[in-house]
Amino acid sequence: MKVTAILLLLFGATITLQKENPCKLPADTGACKGSFPRYYYDWNSKQCRQFTYGGCQGNANNYASLEECKATCPGEEQNDEDPCELPAVRGRCKAYIVVFYYNKESKKCDKFAYGGCEGNGNRFTTQEQCEAKCVGQKKEENPCKLPAETGPCKASLTRYHYAWDLKKCVAFTYGGCKGNSNNFESIAECEEKCGKKEKDENPCELPAETGPRMASFIRFYYDKQSKQCKTFTYGGRQGNANNFESLQECEARCVDQNKKEENPCKLRADPGPCKAVFIRYYYNWDWKECMKFTYGGCEGNANNFESIAQCEATCADKKKKDNPCDLPAEPGPCRASFIRYYYNKQSKKCETFVYGGCEGNENSFETLEDCEARCIEHKKTEKNPCDLPADAGPCKASIPRYYYNKNSKKCDTFVYGGCHGNENNFGSLEECQAKCAEQKKQENPCMLPADSGPCKASFTKYYYDWDLKKCVTFTYGGCQGNANNFESAAECEATCAERKNSDKGPCELPADTGPCDGSLIRFYYNKDAGKCKTFKYGGCLGNQNNFESLQNCEAKCAGQKKTQQSPCELPAETGPCMASFIRFYYNKASKKCETFTYGGCQGNENNFESLQECEAKCAEQKKEENPCKLRADAGPCKAIFVRYYYNWDWKECLKFTYGGCEGNANNFESIAQCEATCADKKKKDNPCDLPAEPGPCMASFIRYYYNKESKKCETFTYGGCEGNENSFETLKDCEARCVKQKKRKREESPCKLPADIGPCKMSIVRYYYNNGSKKCEQFTYGGCHGNENNFESMEKCEATCPGQKRKKKQGKLV
């Protein structure tokens, strides 16, 4: 009887499980921090979508491929909720994916950032999909008949609306949110939408119209924006005449007739949606000349030529004879008031005039820059391209390029739109540096004056004072300035003091990357190691200990004998030069590193730029360094040894994975050895009991501290120096250290903890007990921290966490 009851119970559980449809579950990234592309079925939109899986836990709505997702969850009938009526929902995941939703307040499709999972059906990959689904069905309302509506927000944006009674487009101030669809960013867009008579007889001018959603038929419509026939879903009733059963029928009706009338030379440059990089030419109708642009490789339009000759042969005969810069200012017959710019031939300058909003002539520019770029001869340049600002141009591609930043004196990245722009635009860092970094070579940064720059921060930096021949502090504002700007006195001296010193042989000099930002592999002689090593050279300045090949370096330097006497045995030696640099030397009498004043040249090898460098080389006091304060260091090797290190912040010994070589002294074979070495060094104060302490500095960093009164981690503003240990960079760090409910009791079963990869960056296969699935599963461990739900083998995991495993006992299920 008992067995029967159990079987019935199991059968009932099976039925319950069968009822749970994995396709209805939300996307679940799981508890781990990995990054694996997976697919889940979005029940709201009836589509398989991609999401990022953390690597453990999660749920059954998780597929390795799009095909597997589609095979498991073919689109089933959904409830009749209208997605266009739903709000935009980001979902609980943390991605940032730009998609579109239908805004029922403004009655148009707007962008929003989707988190990557969950959400609802009011989410579309493209604006066209959104409009095909939602805008088409709301067509009864003509946006051109709506009144201008500022909306509730307080911005002040110039927009245009169609005044139905005046039959023209008029400017108005938009508050920035809500409002209605009689709202256009330019007068041209407004006139395109409302100022022309509707061509009711031409179906190719109409938008795709789904009609009432009674069925689901794939049809074709002509998209006048892209000039192509595209698919849409037709509901089976109503709609309009822009609805064809086949691609051939659509193209025969619309594509051919439009191509006959379309002048490709009037179209804007269109890189298309693809990401290739092809140099093409288009005809700029405003400037009446062929220009270079970057084509992405697909779609786009017919104003796209492989050579400038082909472009000119097609379009140059269409040039207007008049030079727009020779024409007078022409307000036109309309009564609006727009400030525009025109070129005044008499004054030879670009000046403002009031444009009425329609007609006029081509000597009318929206910005002073556009007017000057077109008409003022001295702007049409032989200007050095390296002096020009980065210019993305008006096109909408996203192509990573390099430009020379004359303020920072280095080549930086920017995103190029694909057309126009200027000559300060390079396909690679090397090309930019070859063109522009050359001009820096003539400029010695050590001769430049201190330059705080225009920003208002307050950072203590060092510059080389050429008159005083020494490095001096100054206050840097945080941006721009020049290259005579160093983080430390040592860096300043290494760059500028040694540059004056021609007495040392090249093999005695340190490696010097120079101030430029190139990345050239060179060789230098390391006098301490007694051999040639590689370093990255920036491309300009530096010193003579710089060789293009290992052979050249060894031929010059490797034959030199290393000094027989240890540098730590030598006396401090100022040298004959008259500079004044604070350096460190090892005093063998006092057995410690001390300061001395170095003149800037010659001297000997008992000369170090920092106390740390001196002690690392010479001081016996290094033995007294406290290893317990060091961070866990797995080292560069790839072995897997379980070791323990003392976490100075948490005041306890923790497990980590050691790679087998290098690392540091905070590395113990057992927890007992770790505690014997470090536990007596615990601070008596618990940082969580201390008050928030901003410190005396004047910076403004948001940090977290534990508030004993509220028993919560809260924010405070940290000044940037001193303070105390109750100061954490993230809420997570604060809670992990101080919030009691976050500090799990040692008695608590490790099997109930989530998988925790920890902050380190190794990739070690481990096993943890998944309390959800009631079984041991694999995960990737980073090598340090984490928690006790971490086992080296499946067997150890199952032995520790038997959990819900069914065991046979005396032939019965228990």
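Each position is counted from 1, following the chain as shown.
Positions of Cβ are set from backbone N, Cα and C atoms, glycine also.
In TrEMBL this protein carries:
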DOMAIN    23-73  domain 'BPTI/Kunitz inhibitor'
DOMAIN    84-134  domain 'BPTI/Kunitz inhibitor'
DOMAIN    144-194  domain 'BPTI/Kunitz inhibitor'
DOMAIN    204-254  domain 'BPTI/Kunitz inhibitor'
DOMAIN    265-315  domain 'BPTI/Kunitz inhibitor'
DOMAIN    325-375  domain 'BPTI/Kunitz inhibitor'
DOMAIN    386-436  domain 'BPTI/Kunitz inhibitor'
DOMAIN    446-496  domain 'BPTI/Kunitz inhibitor'
DOMAIN    507-557  domain 'BPTI/Kunitz inhibitor'
DOMAIN    568-618  domain 'BPTI/Kunitz inhibitor'
DOMAIN    688-738  domain 'BPTI/Kunitz inhibitor'
DOMAIN    751-801  domain 'BPTI/Kunitz inhibitor'
SIGNAL    1-18  signal peptide
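The domain 'BPTI/Kunitz inhibitor' (325-375) scores a mean pLDDT of 86 in the predicted structure. Counting residues per DSSP class in helix, strand and coil order gives 10 helix, 15 strand, 26 coil for the domain 'BPTI/Kunitz inhibitor' (84-134). Look at the domain 'BPTI/Kunitz inhibitor' (204-254): DSSP puts its residues at 10 helix, 15 strand, 26 coil.
Helix, strand and coil content of the domain 'BPTI/Kunitz inhibitor' (386-436), in residues and according to DSSP, is 10 helix, 16 strand, 25 coil.
Just going by CB pairs under 8 A, the stretch in 204-254, 265-315, 325-375, 568-618, 751-801 that sits most against the domain 'BPTI/Kunitz inhibitor' (23-73) is 751-801.
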